[in-house]
Amino acid sequence: MGTAWFWNERFWLPHNVTWADLADPAPGVEYPKAGHLFTAFPLALAIFCVRILFERFIASPCARSLRIQPTVGRRAQPNAVLEKVFASITKNPDSRRLDGLSKQLDWEVRKVQRWFRQRRNQDKPSMHTKFCESMWRFTFYLCIFTYGFRFLWQVMTPGLYHYYVTELAFYWSLMFSQFTDIKRKDFLIMFVHHLATVSLISFSYVNNMTRVGSLVMCVHDASDFLLEAGKLANYAKYQRLCDLIFVVFSVAFFITRLVIYPVWVLNSTMFESWDIVGPYPSWWLFNSLLLVLQLLHIIWFYLIARIAVKAMLRGKVCHSTDALVVLQSRAETS
């Protein structure tokens, strides 16, 4: 009874449709139920464990075979004074503080600067760690895209249910693993992003918008695995392969998110559905979120194109791949 307000039929369902109608469908017809999504929690834990095993026993040997070793650059020499400043005050001291530390330690300013630079590099993840993380994401995105593509024209089936729950579990696992993954400056933004993604996947499932939801997820996965492939080539120092994948990724991003998404997805959810069932409160909310997503696609592609132009002028596209990581990850919302 306490959650009755949340499951108000007038918010979730079209006019003249009740939860009772969905509870007893016709023979051979299956409707999504909110309780189905609880399966995602144990599956998310399982995916997290599989990832640990994959990175250790598959990705790590692959990295070593490509001569990508789990080493970081030269370590800073132990110094209690500088370590205290680094840990509690600043990791990048200004000229005034550098002068003060130089006098206190009787070091040259340049030597103090070098210590802080080496200390900062110490905390950066190795290329080996980055490679393993990207290889896991590449493998998952490619597999889930291949699997999900089969269900784009189907109503609710066990296969479509598994696709939805696996995607949802993966993003739950990302929320868990974010605390142990490579720490990036956009940690909080990415946490909010994963939370929003989980909400959108859950919302579309509960509201029986699975055909649209599966298409949106598939559209995003189509370019996600290409980005991870480009990062792998970058870490392995395969310059030409990285350049090629970057071009394919940019084209795929444009076609899937600036052509297929607005022409087919938004057209269907906003105009065709209006004629079929008409608008209702959750319809407005869902379409508003999809429009926000389209706006993000435009912004991200503009930034991707700008990075691509600068990279081509420098003659090295691969140097832009790491910059794309943040852009693409924020555009993954499904």
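Positions of Cβ are set from backbone N, Cα and C atoms, glycine also.
Keep in mind that what you see is a predicted model, and the values were worked out from it rather than measured.
The feature transmembrane segment is assigned by TrEMBL to 34-54, 134-153, 187-206, 241-264, 284-305. Residues annotated as domain 'Homeobox' in TrEMBL: 82-126. Summarising the annotation, TrEMBL assigns DNA-binding region to 84-127. According to TrEMBL, the domain 'TLC' annotation covers 114-313.
Applying DSSP to the domain 'Homeobox' (82-126) sorts its residues as follows: 33 helix, 0 strand, 12 coil.
A Cβ distance under 8 Å defines the sequence-distant neighbours of the transmembrane segment (134-153), meaning residues of its chain 6+ beyond its ends; these are 47, 51, 54-55, 58-59, 62-63, 159-160, 163, 166-167, 170, 211, 214-215, 217-218, 221-222, 224-225, 228-229, 231-232, 235. Confidence annotation: the DNA-binding region (84-127) carries a mean pLDDT of 89 in the model.
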